[in-house]
Amino acid sequence: MVVNRLRLTIFSIITTQLMPFKEALECMVGEYKVDGQCCPTCHPAFGLVTRRECSPISNTVCGCSPGYFCTNMKDDDCEMCVAHRVCTPGQYVKSRGTERNNTICEKCQAGTFSPNGTLGQCLPWTNCTAQGLFEEKPGTDTMDTLCSMQGNPPLGFIGTPIIIIIIIIIVTFVITVISIIMIFVRRKKNRERAYDIKGRAEASDPEKICDLLEADGSIINLPVQETQQQEESDVVSRIMSKS
């Protein structure tokens, strides 16, 4: 009986002394137990992945998931990862992100563009004129030049044909105006010549009036035939009255 009581007393003492160690082995949030040892967890919510599992002689080693880089590194263990910077349209990726470094973006230079920001180098604008096309819309840092088969080409590309067309129009207009003026002048001269012939006919034999009129072949626009005959009759009457 004495021995049993002694054993019970010793067991109680040992159990009481080991209780703090048992409580200490209860793992905290973000830790997990391996062989009775609490080890930190590489939480995916922070972009972490497990590089090396916890062991009795070493702690858990965390790294960054693809697309993340470490912002808080202790030796080989990363405690916090952040997503790589995403380049925007109009930028190119100068240096792609790694597990230790963030992505570096640069703005496209003049004459180049990047439509989505994922390119390693900005693309040059298309030269529409070199391809025999018209530039419908100039390029930007996010869009290429828009070319088309029809549009408003540069003046140097079509300058000569336009000048030729303008010259032809001007020359045609001038020739038309000159032709109209010459026709009016000629008609006026013909009328004056016709009246001059009539005047000479008044001082001569009235029978020669018709001969003089017919002999002058340049008279092409005399008054209406009835008016002409009436004038000739008047001339003959005046001559007969004088005689």
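Using N, Cα and C of the backbone, Cβ positions are placed for all residues, glycine too.
Now, the feature entries from TrEMBL:
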- 1-24: signal peptide (SIGNAL)
- 63-105: domain 'TNFR-Cys' (DOMAIN)
- Cys87-Cys105: disulfide bond (DISULFID)
- 162-185: transmembrane segment (TRANSMEM)
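By neighbour count, meaning other C-beta atoms within 10 Å, the densest spot among the disulfide-bonded residues Cys87, Cys105 is Cys87. Residues of the same chain that sit 6 or more residues outside the transmembrane segment (162-185) yet have a Cβ under 8 Å from a Cβ within it are not found. In terms of DSSP secondary structure, the domain 'TNFR-Cys' (63-105) contains 0 helix, 23 strand, 20 coil.
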